[in-house]
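Structure, as structure tokens:
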């Protein structure tokens, strides 16, 4: 009880503090009333000028704290003139809590939308953008349209971000002082912004301040399902199949060389020639053919370096990796970089991962990137621990403007569901006779339809509220408080819209809320109850339960059933027991605790990918924002060469074999014959590095000389393409690792620690692959001097999807490609033979 009393005392203390500041705001009412409309706009301009002169975000916040009373008083006056509504003191208190970066818990009907206008206005003065976030696009559209009138009167601009808007329209919406959007669309825009190739293609500004309406729904209920942008799969899958067919046709030594020591396999001139004919391409080494080369190399590796029943097994149509140390299969683990798919193609089983995740993020990680985050809802106190631990937000319960008159009756418990529903229908019929409006809350859509059929049989006209239809939803909710109205709704439907009582309804008891089942979360039950008794209206609520309800079955209703049977109670007789209600609440707390633990676990795993995502996105943004990436390219070339020297050259070896190192250098940096054994024979690793480095520099300068001013554009294109290719592969690999990692707990291992360690190793490997690919394409791409390198348009963003919502889905756009440069007849042949193209692979032309 000590902990609970501390929370209660803390809320009391906070409410007192908010009340004091709110009184200060209210005391300025007369000062604002004498200002003309023009003077109000000028006051905004003055605030903007003063706050925007401060560059430091923390100091800006301090300044906003200082002007809060004046700013809030100004908004109150604006609301009075525009809407003929003046925010109450409790609304001002809620607005102060939101500005602080906390959650204002305000009961239904207390005017959360108007409450949000004050902190939105105040924080928008900083000129960094404020995002007002709703659960669906309908609410975003309605609120932005209604509130724009007030903000524009005060001198601020408002934007609306919808899924249907074009890139330019989105950019314009985000450029406004205040932007209304759904959580889904914000997350997708963030991911898409980190997939562009040019700075001017971004739509968002840096994330500054967000106010989330129905914050518990977005940050708690939707926290576990990630936002995903995925690419099309057909092309990728068919390429694995084609590469597999091609690999089967090749002959060892003639078409490819295999080094058993390093397990490296690469095409010979003859092999490259065959590939060009098979895939109907002119030059295998053109930049645009990177995907083809990658698939061929992977297919070769699958056929030549990996053996069935040694490196992997095929069990029930699935390729399972064999642990080289234990000899056991590793379910859930997959080879990375497309190798697993290549093996699946080789073995003729279904090629997995038809859609490739190009980018993903959870709401937990997206919203934690804002400088300041706040929210409002009718129900958040039960989840306060989660808000505090994960988002560093406190929940402040704001007092109601008028005392709550709703009568929350105790639960009625029946033996069977039939008995329960019969009783619900009788209750509705009785209330309907008196004209009292009834709102029936159900947990599932099927239950809504079942009750709807029962009411139809009794001749009761009613509406069924479907959360999928937002426009119809508002209309139904608007009528739900009228005399004689009966509305059936799933518990989550209708959020964000108030039920206002019709004429004469107050006198007959107000809105009656009937819950047909307890939800596993107390919060959802509280939301349903909160539909009644808004702004001091009369009303009542009651839950009807049965021992067959899912929650009761899960948490032991057998004992209760035996007791009811002993008492000889039949299906039509309920028990009304505080003990049972307490047991139900205890079961709900257990479920909430389990769900919190699951979300916390997901966050711990996601933290690994979050850090990696941050590094990759920063790297991409640096490349995009930089005019010249030559320093980065230089560092990658040196790093790749240094790794090659370290791996292949051992100074302790008295009789070193330089062939693997020379093959490596030829494969990544130089043409065949450029590095001779006598140039490095007998030298130590440092000298060998310098010998090769001087040759690399010459090749680099030669490439630069060919395209001159366009080198920066060429390097940017190669860097971004290499990063994106390997990053999307890495996301897939990490996902596969995560799916199978829980099995480690059976072997007394710590799955999270293993995931962190292996994830770190995979990331390092990916970074090395990016560097090696970049080195190879910068030095080995055949550049035609007289043809411009085109700016590469942004890659296809694929399909945006969020498991629990339809808002964010976007149709895949056609993918633009960069034209490859043809090989000049006198240029060195790209196959690495050292011959001129016309005397080698150019003979056929």
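Glycine is treated like the rest: Cβ placed from N, Cα and C.
Database features (Swiss-Prot):
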| type | residues | note |
| --- | --- | --- |
| BINDING | 91, 109, 110, 111, 112, 113, 498 | ATP binding site |
| REGION | 795-845 | region 'Disordered' |
| BINDING | 829, 831, 840, 841 | Zn(2+) binding site |
| COMPBIAS | 835-845 | compositional bias 'Basic residues' |
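Location within the structure of each feature annotated in Swiss-Prot.
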| residue | record | DSSP (3 states) |
| --- | --- | --- |
| 91 | ATP binding site | helix |
| 109 | ATP binding site | coil |
| 498 | ATP binding site | coil |
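Largest Cα-Cα distance over the residues recorded as binding ATP, namely 91, 109, 110, 111, 112, 113, 498, equals 16 Å. Residues 106, 108, 114, 115 surround the recorded ATP site, their Cβ atoms falling within 8 Å of the Cβ centroid of 91, 109, 110, 111, 112, 113, 498, which are themselves excluded.
Within 10 Å of the C-beta of residue 112 (ATP binding site) there are 26 other C-beta atoms, taking all protein chains into account. Around residue 113 (ATP binding site), taking its Cβ as the centre, 18 other Cβ atoms fall within 10 Å, counting all chains.
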